[in-house]
Amino acid sequence: MATSRTRSGRSTSFRDSDSRLTESERIDGTGSWDALEWTKVEAVSRTVPHAVLEFLLEDEQVTVEGYGVFLVNANKAGTLFVTNFRLLFLSEASRNILPLGTIALATIEKFNKIALKLPSNPRQLDKTPPQRLLQVFGKDMRIIVFGFRPRTKQRRAVFDALVRCTRPTRLWDLYAFGSGSYDASLSVVEERSFMVSNDSWRISDVNYNYTMCPTYPFALLVPKSISDEEVLQASTFRARCRLPVISWCNPKTGAVLARSSQPLVGLMMNMRSNADEKLVAAICMPVSGSKGARRKLCITDARPRKNALANGAMGGGSESSSNYFHSEIVFLGIDNIHAMRDSLARLRDYVDTHGTASSDGISSFLRHGGSTWGGGNLSSMSASVSTLGDSGWLIHIQNVLAGSAWIAARVALDSASVLVHCSDGWDRTAQLVSLASLLLDPYYRTFKGFQALVEKDWLSFGHPFSDRLGMPTVGSGNPFELPRQSSTGSFSSSPMRQAPGSLPSQAPNSAHTQASNHSSPIFLQWLDCVSQLLRMYPFAFEFSSSFLVEFLDCVLSCRFGNFLCNSEKERQQAGISDSCGCIWMYLTDLRASEGSSHIHYNLLYDSSKHEGPILPPAAALAPTIWPQFHLRWACPSEAEVGEVDTHCRGLIEKVSALQKAKEVAERKANEISSKVDSLTAELQNEKHISSSAMNKARREMKENVAMKRAIQSLGCRVQFSDSGECIVDIESSPAEFRPRSIQTPLRESDGMAQHVEKSDMSVSITLMDDDDLTSSPVGRVCESLCPLRTRDGGCRWPDAGCAQIGSQFVGLKANFDAFDRLSIYDSYFQSG
């Protein structure tokens, strides 16, 4: 069981502690059990190391500690602590908790003191002291053996602490009442069964105060045609007033699963009840669309027929088909709680004896001095297989599975209603009804539905968990005894078990080894059946086998309050929901830590593959050992999750990592794509600007060419430098003009007339943008030469057409200007 939520909120290795065991407290665990020199190890009394506190749960306190304790199963030495919740074993080698030697106190079925005397060496004067062992039997298939140093009182101290802590006299002395880490929720009647809105069923509150039936829920689903008075009358005809009520209804066909206890027909089987017969008949409502045809009723008695008849001597018995119209009586032959308890004890001994690592510390490979696989020879292996069959556990599992499958088939295939009961209607009845519901309704194969199923058919309908788990309940006044001793308490196949000269263990009839006659692994057996269905239909269940093991460990440990007491009424009286933690919240938090990759999730689950009922044929109902639970201590490697599941989980993790990497890459790709789109838009804009500039340049080039031609037509020479500067030289052509001196009269200054003689004219022009055309030399030349220029610097001739069309006019204008500058005093006229 997970040990989350420690005092400090984290798990700290014992190795890192400053408070460590001294050399005198350490035992070399590498040697064999017989090689340990216990006489050289002195008893040490000291306070609890500070590092141990890091391993304790909330409100968990150490009561007794034993140093230098040897865990025989694992051949390891360490320190054993008894807390108010569990036995906690810290390995000396790793300084960490060793799961094999750590077990919740409520999970302990019984414990014994054993003194094993070894043969003395004749040469030694001192007699070899006997080995002092403590043998612990767990309800989770463990048999643990601790060895203590001789001449110390550590074993006595641990033993006495177990007697006190595992047998609380009051319910409120349990650890669950001291730890409320996970708020509990009230046990509620499952809504899918009781929220059937039609003309056939109604919710009755006749048992609101639990006065009619203390072990039934406060709300009951009954036929609408039956009044509360008739319900009260019918309850008197059933054992413990557990009358027939509806547990599950098929909303499509109207067929129902109903449950009750045995009828009180008496020894002569002749007692009848009109109210009970009317109630059972009303459960078989007419088939819809069949014009009033009666629905078939299957009354399923979980007991063997002879047991049902024997109960008649105590007033019980079974129904007669003649008294219940259109009914069929079927006996499933499932044994009682005592047979199940003994069967599991034999299975536990078988697994411990023939496992790879047993409680005596000797592997099955080495037993009987054999060197072949399996220990010994082929006959010993065959005997071990027959021992498994003799335990009867798999036969019981098969019977429960077959009965549940038969019930589910009648409801699904025949649309029949089924009434299920055993003696009291809270053990075998709970197993059959809940398994049949699991087969019929895919909702119950999910985490949420599984919780609802357990709350409804086990907790609300009063399975006596305290009695079956061996825990005190409301009103317990006498000192409580642990569950009864298993079928065998002796070791039968190992040297330690058969060692000569061994001292007898504690008397078998002592109080601490006596088991309650009411304890039985009924709920464990049901979860075993669920694991068998999960193995047969791996795609149908949302949860995995690991979830079932974790869930069962929580139930057996009594760490939470959900499964305390024997009924819904007792849990309300004890204030369980206000005082204890909730197992469902704890498991939900575990799954939330890792999401869908958590080990509790079934990797193969596919709801689309089994949307309706699953009906296994008889040939498929061949159960096997539940390895994750039955073999995890004796055969650890075989109990691990199969290679296929491990490989699939590894692939899922890789796919998840790749998916995350893909999401990151997609985000980066989207960012890059956005940048590319932005750059593309900018590039398109730049192309548009460049295209506009190119078009503008072409137009300016054409204008420049036109202007050059116009200027050249005036007899000027145009030169363009590399820097873009344009130089225009205007000079008279020798062929057209003679050099002459042009005198231009100027104003008189200081009484002298000055004349400027010009022989040629040079103009420097720098190309400018259109916006600054008026300030450029070319613009000034154009303005001075072109008559189409306006006063504000604009050109009235579109597209500089004047340079092409009006070149002659420009030339004429130039000649006219030159002529206008001539003086009447020019020599031309004088010569004439």
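Backbone N, Cα and C atoms are what each Cβ position is placed from, and that goes for glycine too.
Just so you know, TrEMBL annotations are computer predictions that nobody has curated.
According to TrEMBL:
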ACT_SITE  Cys422  active site, phosphocysteine intermediate
BINDING   Asn336, Ile337, Cys422, Ser423, Asp424, Gly425, Trp426, Asp427, Arg428  substrate binding site
COILED    648-682  coiled coil
COMPBIAS  1-12  compositional bias 'Low complexity'
COMPBIAS  13-22  compositional bias 'Basic and acidic residues'
REGION    1-22  region 'Disordered'
REGION    484-516  region 'Disordered'
Recorded positions (Asn336, Cys422), the one with most neighbouring Cβ atoms at 10 Å: Cys422
Additional residues around substrate, ordered along the sequence, whose Cβ is within 8 Å of the centroid of Asn336, Ile337, Cys422, Ser423, Asp424, Gly425, Trp426, Asp427, Arg428: Ala302, Thr429
Residues Asn336, Ile337, Cys422, Ser423, Asp424, Gly425, Trp426, Asp427, Arg428 [recorded substrate binders]: greatest CA to CA distance in Å: 12
Count of other CB atoms lying within 10 Å of the CB belonging to Trp426 (substrate binding site): 27
Neighbourhood of Asp424 (substrate binding site), C-beta criterion under 8 angstroms, separation at least six: Ala239, Arg240, Arg242, Ser261, Gln262
Which same-chain residues, if any, lie at least 6 apart from Arg428 (substrate binding site) yet have Cβ under 8 Å of it: Ala302, Arg303, Leu332, Ile334, Val400, Cys422, Ile522
